[in-house]
């Protein structure tokens, strides 16, 4: 209930700032999602939710349902203020798509609940009617088709991935992750067909192709290894060979078609374009080596102490400190390089997870052994996703930053902090809350394991971090929007204390929404 209350406060805050037909739709969607969430929770408890979802967590439908619509609404408002009509329409499409995906999950829950919940059905019908009526009078025919295409891709992806990967997601996390992948895939198809127009930045195409490429690679090998034993040397050689064939024969030509130049030459030229980029790459290589050193050291410690030794919360937060040290210099000195480096890192992380999951020789079994030390209760499925969620949480504010609607490379007021949302919410707030809460916390928030001391120190640490950003990043000018920043940080920190969803993914997106609003 407290989690839902916090989400409602965020929705109403955005609604108060934007105040248009789409913000009214988000309010209607939030009300119906609140009721349907209880139906999903009941289905999960009784084991009647069609697919196997992650245990020890609620469905998370309300907080997840609001992310994509709110992102679209605030993006539309920012681009409208900047006079960029193309991206204003894009924001409307994003908001409409998010609402339709959330409605689909709601209708699914209501449909499989027995007996049929009459009141919830009526609420869902009213909210759906308001949203569809608004879409009818706001979207062009091509935009309606685009929204329906994303919904179709989402339905098929959900059926395939939730069947193949049981207990990896809650319904809310599935909505966020699979909805995002569906939207990216649809954008890539659309831009591939309209490549003659020459719209778009090469780094945006690089993100789209990389995400779709690794997802298709995973689907291909998942289907293949249903019929083959993936742990043999022959299967492993076939894995590496087919990865090279798909990479060089499909993914690189696809990227070449979009950016109209050799992708490998473009990437090398981009990475080593300036001396600053060279220094940043050397620095990041050192930090990556340090992270590997932590993994090897903790595993050596496990071998010498006990086979049952598990990494503590504080040990896991080492990686949060390393990732903050990685992202802050990139955000200050070269955001485009950080954008591309984060895409490369995501592709490498997912590829290494394929090697671990399929036990691909020679490193599959070693990765299983090394990473098992850092598992927590959220890694209950066959995949280990927490480190990928950490990378996504830090990177999404950088990737989703509306550069075209920020003429000077930064948004006015609190919006200047949008690229820092991941650093503030996860890198600073979540880390400090965990460390101080687990070591010094005594007063627990009602109904949770999180402590009052942890939350308060997290808010205080994020305010200090904002002050340091103001000192070191000359492009940030908050224009006296300090009260809004304090309220945003406080709401997201309280949400961290009460949510059972993956906080690494959810918190940066909500902080980004508040700062963009």
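Using N, Cα and C of the backbone, Cβ positions are placed for all residues, glycine too.
If you look up TrEMBL, you'll see 7-35 (among others) marked as transmembrane segment.
According to TrEMBL, the transmembrane segment annotation covers 55-74 (among others).
Taken from TrEMBL, the feature transmembrane segment covers 86-110 (among others). Long-range Cβ contacts of the transmembrane segment (86-110) within its own chain (Cβ-Cβ under 8 Å, at least 6 residues beyond either end) map to 22, 25-26, 29, 32-33, 36, 39-40, 43, 50, 59, 61, 64-80, 116-117, 120-121, 124, 127-128, 131, 135, 138-139, 143, 146-148, 150-151, 154-155, 171, 175, 179, 182-183, 402, 404-405.
Annotation source TrEMBL lists transmembrane segment at 116-135 (among others).
Annotated transmembrane segment per TrEMBL: 147-165 (among others), in sequence order.
According to TrEMBL, the feature transmembrane segment maps to 237-256 (among others). For the transmembrane segment (237-256), the residues of the chain that approach it from at least six positions outside its boundaries are 192, 205-206, 209, 213, 216-217, 220-221, 224, 228, 230, 262-264, 351, 358, 360, judged by C-beta separation under 8 angstroms.
The transmembrane segment feature in TrEMBL is assigned to 276-297 (among others).
According to TrEMBL, the transmembrane segment annotation covers 339-359 (among others).
Sequence-distant contacts of the transmembrane segment (380-400) (same chain, at least 6 residues past either end, Cβ-Cβ under 8 Å): 54-56, 71, 75, 165-169, 207, 319-320, 323, 327, 331, 335, 338-339, 342-343, 345-346, 349-350, 353, 356-357, 371, 374, 418-423, 425-427, 502, 504-505, 507-509, 511-512. The annotation transmembrane segment is assigned in TrEMBL to 380-400 (among others).
Annotation comment: TrEMBL describes 420-440 (among others) as transmembrane segment. Tertiary neighbourhood of the transmembrane segment (420-440): same-chain residues 313-314, 317, 320-321, 323-324, 327-328, 331, 390, 393-398, 450-451, 453-455, 457-459, 461-462, 465-466, 469, 489, 492-493, 496-497, 503-504, 507-512, 515, selected by CB-CB distance under 8 Å and a gap of 6+ residues from either end.
Feature annotation from TrEMBL assigns transmembrane segment to 452-472 (among others). Below 8 angstroms of C-beta separation, residues 332, 417, 420, 423-425, 428-430, 432-434, 436-438, 440-445, 478, 485-486, 489-490, 493-494, 496-497 of the same chain, each at least six residues beyond the ends of the transmembrane segment (452-472), sit close to that stretch.
Beyond the ends of the transmembrane segment (484-511), by six or more residues, the same chain brings 2-3, 6-7, 9-10, 13, 56-58, 60, 63-64, 67, 71, 170, 172-173, 176-177, 378, 385-386, 389-390, 392-394, 396-397, 413-414, 417, 421-422, 424-426, 429-430, 433, 445, 447-448, 450, 454-455, 458-459, 462-463, 466, 478 to within a C-beta distance below 8 angstroms of the stretch. What TrEMBL records for 484-511 (among others) is transmembrane segment.
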### Query
Top stretch among 7-35, 55-74, 147-165 for CB pairs under 8 A with the transmembrane segment (116-135)?
7-35
### Task
Quickly jot the same-chain residues contacting the transmembrane segment (276-297) by Cβ under 8 Å, restricted to those at least six beyond its ends, or write none.
315, 318-319, 322, 325-326, 329-330, 333-334, 337, 341, 370-371, 373-374
### Query
Where else in the chain does the transmembrane segment (339-359) make close Cβ contacts, counting only residues six or more beyond its ends and a cut-off under 8 Å?
203, 206-207, 210-211, 213-214, 217-218, 221, 225, 230-231, 239, 243, 267, 270-271, 281, 284, 330, 365, 367-368, 371, 382-385, 387-388, 391-392, 394-395, 398-399
